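Features reported for this protein in TrEMBL:
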type	residues	note
TRANSMEM	23-42	transmembrane segment
TRANSMEM	62-86	transmembrane segment
TRANSMEM	98-118	transmembrane segment
TRANSMEM	138-159	transmembrane segment
TRANSMEM	171-194	transmembrane segment
TRANSMEM	200-218	transmembrane segment
TRANSMEM	225-247	transmembrane segment
TRANSMEM	253-272	transmembrane segment
Amino acid sequence: MLDHLFAVDLTAHLLRHDFVQQALIAAALLGLVAGLIGPFIVLRQMSFAVHGSSELSLTGAAFALLAGFDVGVGALVGSALAAALFGVLGQRARERDSAIGVVLAFGLGLAVLFIHLYPGRTGTSFALLTGQIVGVGYAGLAMLAAVCVLVIAVLGCCYRPLLFATVDPDVAAARGVPVRALGIVFAALVGVVAAQAVQIVGALLVMSLLITPAAAAARVVTAPALAIATSVLFAEVAAVGGIVLSLAPGVPVSVFVAAISFVIYLFCWMLGKYRVARH
């Protein structure tokens, strides 16, 4: 496998195939949307909520697989409902973590049951955990593009109040900002994005795109707009680079996405420490 990792000719050959090009487009779209909402997730301390949304999307996808309908729809429904539920049950980190823990445990148990009952190929159900980006077709690309438009539209309309409610929710509420409503909307948005990410990088490694690039950006920049732009850049490098590196060895793309994200975070962490030491 290590020999194939650096097989440039094989990688170049595979890049000519339509399904690989579709996968690259899907990765680029997912990197964009993950990079846009990632900084808000980090600022709102919703990393555990992202994990919960991804696991609940796994529940919805596993049920869809067992019932015989579209897995993407099942993941979307499960994740969006879970994220909305998290937003309703708790706004503060302590309340939210308790609610997520309860719902996550129940949903994960159901996912295990549905996967166990699935009579088809083991690889199909395993892909729900590790992702299967090469299986993204035109319908999946259209859905992902629609999610990108939705995220851009919501952030474009609510950027300032959402940022205010994220940084200082108490003062924002006193100023008349609908903090709770924004929390529910954003939680549902996170759920929709997590559902799309599950199909590409798998339920186990969703945080490698939704959390790690944004956390890395927060280590090197402080301005909100610049942090978002940097987060998008890091997420794109991880998503697209992960696909390119995974082509020749033939391993799940999530492995390289997680590895690239971690290396980026490690570099930014060391850079941040170096800056602090200099001052």
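Yeah, the Cβs are placed from backbone N, Cα and C, and that goes for glycine too.
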Beyond the flanks of the transmembrane segment (171-194) by at least 6 residues, Cβ under 8 Å: 33-34, 37, 40-41, 44, 46, 49-50, 53-54, 56-57, 76, 79-84, 86-88, 91, 147, 150-151, 154, 158, 161-162, 164-165, 206, 210
For the transmembrane segment (200-218): best-contacting stretch of 62-86, 98-118, 225-247, 253-272, by Cβ pairs under 8 Å: 253-272
Stretch with greatest number of CB pairs under 8 Å, the transmembrane segment (138-159) reference, 62-86, 98-118, 225-247 candidates: 62-86
Stretch of maximal Cβ-Cβ contact with the transmembrane segment (23-42) [cut-off: under 8 Å; candidates 98-118, 225-247, 253-272]: 225-247
